[in-house]
C-alpha cells in the first residue's frame, strides 16, 4: 500500500514525467504517461518544471542535517557520561580563547552589532550593508536575511522570550520584527519613527513592553512595542548618545555619550539620577554590573557596605583607552583599569561575576579580574578593530565577528564581538 495520498502520487508522477521530457527522453515519458494513464503535457512554465530536482536536493540537505544532529547528540552523550558536575564547574569559569569554530560570511559591508537569541541557537548580525542576517551558531549555517532598512543598521536586540527582534539604523528608524513572520515574503517589520539623526542603539526593557533607543540627535527615547508610539524623550546629553542599557530590573537606564560622560536615568520619569565624569574622551560603551559581580567589586574598591539593589555599579569604556567602574548611587569612581592601546568599544561582565571583558580597536579582548583590577588574559584573535562584545545565554556557543564581513563562532560559551574593516572610518 502506498503511503502517498492520491494528490501526492499525481504530483510525483507528473514531476517524473516532466524530468524525462526535460532530458529529451520523450518516448520514455510518453510511455510512462500511457502506463499510468497520466494526462500530462510538458510546458515551459509548468509548476512541475525542476520540481523533482528540487525535492532531491532538499532530501540530501535534510539527510546532512540529520547526520550532523546525530553526531552532536552522540558527542553530548559522551560529554555527559564523562562527568557532568565537573563540566558544570568548567562552564561557570569558562573564558574565550582563540581560534573560533566557524567563520560566517555573507554580509557585503562591515558588521556593526551582534545579538544572541535567548533560547535557540540563533545569532543576529547587523551590518552597514543595510541588512540583518540570522545564523545558526551551532552549525555555522546561514538562515535568512532581514531587509527593510535603507541605510546602515547599527543596533540589534532580541526580547527576553526571543519573540521579537529590534533593530535601528542611520535611516532614522527603529524596526521591530516578529520572529514568527521572518519567512513571509516581503515582511519588513513594524517601523518606529521620531529620532532626527542616526539611531545608534536599541534595547528591550525588562518586561519586553518597552524599547529604549539612543541617537546622534542627543536624545534617548522610550517606545511602546505594541503601539509603536514614543512615550518619552529623555534629554540632557550634549552630544551623540552612543549607547543606552537598562538595569536588570528596568528601574534604571544607563547611557554614554560623545560629551565624555555617562549618565543614569529613571526611565519612567526621564529624570537624571547620576552623572559620571572622568573620561578624557568619548565614552563608547556602558554596562550594568550583575549581582554576581558585587562581591568582587566591593573587594576591588574596599567597600564594606553590602547592597543587593540592581544597578548598583556600572562599567564604562572610552576612547581614552581606559575602563572605569563606578558606584551608581554615590557617583564615585571606584577604579580605572588601563592596558588597551586604542579605543575601547565593548564591555561585558562574566556570568560568574569574577571577570570583566573589554574589546578594543587594538585588536584584542582583555579579561580583567574584578576583585583586583589585574588583566588576567589578552586574546589576540582578530586582525582588525574589535568594536563590541555580547555574552549569550547559558550552555551556548561563542561567537565573535571579524571583518571584512565575517562573523566567527567558537565553543563552548556565548560571547560575541565584531570588528570593523581596517579602512572603515571610525565615527
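Placed from the backbone N, Cα and C atoms, the Cβ positions cover glycine too.
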Candidate ranges 8-32, 33-57, 58-82; Swiss-Prot annotation coiled coil resolves to 58-82
Sequence-distant contacts of the repeat 'WD 4' (236-275), meaning Cβ under 8 Å and at least 6 residues beyond its ends, amount to 197, 200-201, 203, 205-207, 210, 212-216, 218-220, 222, 281-288, 290-291, 310-311, 314, 316, 318, 326, 328-329, 331
Chain residues in Cβ proximity to the domain 'LisH' (8-40) (below 8 Å; excluding those fewer than six residues from its ends, i.e. six or more beyond): 2, 46, 48-53, 55
Reported in the order helix, strand, coil, what are the DSSP residue counts of the repeat 'WD 4' (236-275)? 0 helix, 20 strand, 20 coil
